[in-house]
């Protein structure tokens, strides 16, 4: 969404809000599916392993979501498409709160190194994914 559109405000129809709600549900479901698929795979590969409790699923969700949102921003779609895809789908797919709770849980279990790795990996990979997505989106 461009600056002028943001300043002027956007008249949003009931259909667009309904679309945001539906896509929000789809994004939340996708997050759940990806998180559980990744974590099940980690448990299969390393039962009782050192990194089994690490939140790999949410890391993948947030990094892939940052890349997709970067792609969307770089492509410069309409304000309606930004609301539907950026806010509805990707806003509910990614999750800041779960990332924070999982990091706090790791730290609370005295897995401070894992908590720090979670923060640093999430920030570094998320920023890189968003930048790459924006770069690719601008070239579409």
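Count begins at 1; order follows the chain as displayed.
Note: Cβ is positioned from N, Cα and C throughout, glycine not excepted.
Curation does not apply to TrEMBL; its annotations are automatic.
According to TrEMBL, the feature Na(+) binding site maps to 91, 94. In the three-state DSSP classification, residue 94 (Na(+) binding site) falls within coil. Remark: residue 94 (Na(+) binding site) has 31, 61, 62, 65, 66, 69 as non-local neighbours, by Cβ distance under 8 Å and separation of at least 6 in sequence.
As annotated by TrEMBL, transmembrane segment applies to 12-34 (among others). Counting same-chain residues at least six beyond the ends of the transmembrane segment (12-34), those with a Cβ under 8 angstroms from any Cβ of the stretch are 57, 60-61, 64, 80, 83-85, 87-95.
The transmembrane segment annotation in TrEMBL covers 54-74 (among others).
Residues or ranges marked as transmembrane segment in TrEMBL: 81-101 (among others).
Marked as transmembrane segment by TrEMBL: 113-138 (among others).
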*Give the sequence-ordered list of residues that share a chain with residue 91 (Na(+) binding site), lie 6 or more positions from it, and have CB atoms under 8 Å from its CB.*
24, 27
